[in-house]
Amino acid sequence: GCLGEGEKCADWSGPSCCDGFYCSCRSMPYCRCRNNS
């Protein structure tokens, strides 16, 4: 499965964000999937 909006993600390991989302690490200490539109 993939990660959706607001779910915790990691650039270096899976699972990755779903299509249409990217892993944003701006809101430390966690990275979260955000909509890339």
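Keep in mind that glycine also has a Cβ here, set from the backbone N, Cα and C atoms.
Straight from Swiss-Prot, the features:
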- C2-C18: disulfide bond (DISULFID)
- C9-C23: disulfide bond (DISULFID)
- C17-C33: disulfide bond (DISULFID)
- C25-C31: disulfide bond (DISULFID)
- S37: serine amide (MOD_RES)
- K8: site 'Pharmacophore' (SITE)
- W12: site 'Pharmacophore' (SITE)
- Y22: site 'Pharmacophore' (SITE)
- S24: site 'Pharmacophore' (SITE)
- R26: site 'Pharmacophore' (SITE)
- M28: site 'Pharmacophore' (SITE)
- Y30: site 'Pharmacophore' (SITE)
- R32: site 'Pharmacophore' (SITE)
- R34: site 'Pharmacophore' (SITE)
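Each residue contributes its Cα atom, and for C9 (disulfide bond) and R32 (site 'Pharmacophore') these two points are 5 Å apart. Listed recorded sites: K8, R26. The one with the lowest count of other Cβ atoms within 10 Å of its Cβ is R26. The recorded sites listed here are W12, Y22, Y30; among them, Y22 has the most other Cβ atoms within 10 Å of its own Cβ. Taking the recorded positions C23, C25, M28 in turn and counting surrounding C-beta atoms within 10 angstroms, the largest count is reached at C23. Closest by Cα distance to C33 (disulfide bond), from the recorded positions K8, C18, C23, R26, is C23. Using C31 (disulfide bond) as the reference Cα, a 10 A cut-off selects none from the recorded positions C2, W12, C17, C18, S37. Under a cutoff of 8 A between CB atoms, and with a sequence separation of 6+ in the same chain, the neighbours of R32 (site 'Pharmacophore') are G6, E7, K8, C9, C23, S24. Sparsest Cβ environment among the recorded positions S24, S37 (other Cβ atoms counted within 10 Å): S37. Between the C-alpha atoms of M28 (site 'Pharmacophore') and R34 (site 'Pharmacophore'), the distance comes to 14 Å. Annotated pair C18 (disulfide bond) and S37 (serine amide), C-alpha to C-alpha distance, rounded: 13 Å. Between the alpha carbons (Cα) of C25 (disulfide bond) and R34 (site 'Pharmacophore') lies a span of roughly 10 Å.
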